Amino acid sequence: MKVLVVGNGGREHALAWKLLQSPQIEQVACVPGNGGTATLARCQNVSLAVDDFEGISQYALNQGFSLVVVGPEVPLAKGITDYLQEKGLMVFGPSRAGAQIEASKAWAKALMQEAGIPTAKAAVFTEAAAAKSYIQAQGAPIVVKADGLAAGKGVTVATTIEQAQSAIDAIFQGQFGSAGEFVVIEECLTGQEVSVLALTDGLTIRPLLPAQDHKRIGEGDTGENTGGMGAYAPAPIATPELMALVQTEVLERAIATLQSKGIDYRGVLYAGLMITPNGDFKVLEFNCRFGDPETQVILPLLATPLEELILACVQQRLGELPPIAWQGGASATVVAASGGYPGDYEKGQVITGIPQAEATGATVFHAGTKLNAQQQIVTDGGRVLNVTGIGENFQQALAQAYTGIKAIDFSGIYYRRDIGYRVNS
């Protein structure tokens, strides 16, 4: 079988890497891929944009790729699944209607309220004045969110009313483009965030291992939000008892409510949870795709062949499969970023030490990398590499990841030294 993976990040490298472990997979193509997928055996990069739906469909059909796995949220929100399915391709990823669960925070909040899913109290506004008067009445701390897709940068946890009002101005003045047509204002929840990614065929939904991400750029969870600076799985705070509640109160309710709206949702449903100090949980957000960097710690522990699960979702027979199997132990990944990220950064810096990192036993997933004219691997984004370790416990997994990342160098390299601080004691 030949599989086409859409995207160019660490998540997509991990998906291609995992798919290629199966003898059932003859070839993987990545659109557009990165420097890591370019060097995988039986994998090739295809120089097309992720929103060039016609080009992707023509390539897949002409080259005999029957299954398309979509990584990022933007093409899903633009309707890539609908387009490719009309051309006769099997697609793993929700339709444009289903992708609203990530593409519109206001739509997702309404769905949660309708479904009875535990979530933060919230209000939605279309003009700045009303939003600001609501904030005056509610007080700070408070959370301000741009409604649409903003690459993880559209959320402000405001500690003062002034900061919240500035965030509202930025959204309505167009900082996030069409993502800022609405603003969602939520109560500020405290506790630990957990990512629960689940696979669904539209009827059955099965969670993967819970993971914890580190979103802030700085050690001690300080500084600006990023796409994620590291992660580990399975997250101990997501106990079996809590996961059983998440299954019934979040995942199954979400799928049932999507069904009631006529939405046949097949792909990943990713619930971002806040676990409060008293052990309760609320859903902060839903995403319509694999998490990044969570995928890079979940897939190394997956024992069931990935393509079996993906095909079962696409063909709506997930309920017929045995429970998802996992190898024991723990997994951790540390993100190497370009200096200056999440602000401005340079591209084109030559990367050294990747073979040495892999020789330590770590797995290096490429994110913002490419091959230059001299066939050297160079930086090509803010988050550059994800160095993943696995072990019998978190101490071993984190030690392997950090031993690996210390072998890697490029001008301006930055990574957090405290990934896994909650579990590495």
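Each Cβ is built from the backbone N, Cα and C atoms, and glycine gets one as well.
According to Swiss-Prot:
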- 135-195: ATP binding site (BINDING)
- E285, N287: Mg(2+) binding site (BINDING)
- 109-315: domain 'ATP-grasp' (DOMAIN)
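Feature map: Swiss-Prot annotations on the structure.
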residue	record	Cβ contacts under 8 Å, 6 or more apart
I135	ATP binding site	I142, V144, I161, A164, Q165, I168, I185
V143	ATP binding site	A120, V155, T156, V157, A158, I185, E186, E187, C188
A151	ATP binding site	G227
T159	ATP binding site	A140, P141
A167	ATP binding site	V144, T156, A158
Q175	ATP binding site	A146
V183	ATP binding site	V124, F125, T126, A128, A131, V144, K145, A146, D147, I168, I171, F172
G191	ATP binding site	M274, I275, T276, P277
E285	Mg(2+) binding site	E102, K105, A108, A271, G272
N287	Mg(2+) binding site	E73, I101, E102, V268, L269, Y270, G272
T159 (ATP binding site) - helix vs strand vs coil (DSSP): coil
